[in-house]
Amino acid sequence: MSPSQMHAHSSKPTSVRLCDGCELPVDLVEVERGKSAHCPRCNTHLYRGGKPSLSGDLALAITCLLLFVPSHFFDFISIRLFGVMIPATLPAGIFTLFQEGYAMLALLIFFCSSIAPFLVCSSVVAAHIGLKYRQFKVLKASLAIVQHLKPWVMIDVFLVSIAISCFKLQDYSDIHVGVGLIGLLLLQVATVLLITRVSVRRYWEAYDPESHYSPHEKKLHCHHCHLSQPDGTVCLRCLSPIHHRKPRSIQKTWAYLIAATVAIFPANLIPISILLTNGKRLEDTIFSGVASLVKSGMTGIAIIIFVASIVVPVAKILGLSYLLLAIQFKRKVYHKHRMTIYFIIKWIGRWSMMDLFVISIMMTLVDRGQILDFTPGYGAVAFGIVVILTMLAAESMDPRLIWDNYPDENKNNESLNE
């Protein structure tokens, strides 16, 4: 949807909000249903038009919670391997990883595929309870969970990983689709609808409208309840600590990036998977696995794995490093381009989990002790660390720092769109 036309704030009306991304004061305008308002300077999404009912969020959240049963406890695929039917459920691969001593990988996969989606959906239900019974602590805690865990909901990545696993196994076995896969597909549709629809700001507006606060000037924006307000240390509405910028944002982001850079070498040099077939032990790094897929005629799958597992982590590290250097060297041009890079980095990071999901599925379907045997390598552990650290780095960075060196429009005729 194209952004609705917004105007930079010039006077000091009470109907003004500070942009989350660049802290530009913008006048609030009515937006048609189905359209969205974006910041005219950095293009950050501000709010959606219309007034969708919060009860719709509740209905979707309950639907998602009900779909967790078939999607997690029914077989999503089964394979016939050497005359034996081997079913796969979502928790089975996680338990297998635990049994094989890969607890960190198991927890990461379980968190992204099950815990995060479940907590987001149940927190939406809890937010409605807090709203109905005016329970401030319940509302605040549940909305904080929704806001922080949205990026970690990766059911869509898991579904793509199932497809890739099926392609890898098609030469060794017959594949059968189970009821659980239908449940996963329905859960993904419902979850996407919920995540794109739910708005933390709308819940806070329903609890305590912004119109109750009419300060003469607004210098701080609360990233928890999205209330713009005067200088202070605690939000007037949600009582969360507020800051002009995230504390130690640059230091934290650099720390995560340096650690991720160190971990990316073993992640790419040490085997990520080990396959035993017909008495032969095949150890694959990420790159050799991609090369094997190309030799097997699965070029499309190879490209997907190459982009998700090699290009994306490296691009995130380089991209965030560039943004941090531009901030620290106080670059005064191309702010909007750097903001676009930041948006892209935030969006692509989750897809690096694909290879780890594939490993979990393969562990479930290819039983140990048979002629065909699959186990993860220690490169998978290093790769999991890279995924976590790069996502934490993106979350730690404060995008408003990009705009701290933006020229004063009163002194420079530079366009907002550069």
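Quick reminder: no glycine exception, Cβ is built from N, Cα and C everywhere.
So that you can see what the record holds, here are the features copied from TrEMBL:
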TRANSMEM  102-131  transmembrane segment
TRANSMEM  176-195  transmembrane segment
TRANSMEM  254-277  transmembrane segment
TRANSMEM  297-326  transmembrane segment
TRANSMEM  347-365  transmembrane segment
TRANSMEM  377-394  transmembrane segment
- [ ] Flag the pair the transmembrane segment (377-394) / the transmembrane segment (102-131) as in contact if three or more Cβ pairs fall under 8 Å (sequence separation 6 or more).
- [x] yes
Task: Same-chain residues near the transmembrane segment (254-277), Cβ under 8 Å, at least 6 residues beyond its ends - done: 172, 283-287, 289, 310, 313-314, 317, 320-321, 324, 355, 359, 362, 366, 371-380, 382-383, 385-386, 389-390, 392-393, 396
Open item on the list: Using a Cβ cut-off under 8 Å, which residues of the same chain at least 6 positions beyond either end of the transmembrane segment (102-131) come close to it?
Closed with: 54, 57-58, 60-62, 64-65, 68, 72, 90-91, 93-95, 137-143, 145-146, 149-150, 152-155, 157-158, 187, 191, 194-195, 198, 203, 206-207, 350, 353, 356-357, 359-360, 376, 380-381, 384, 387-388
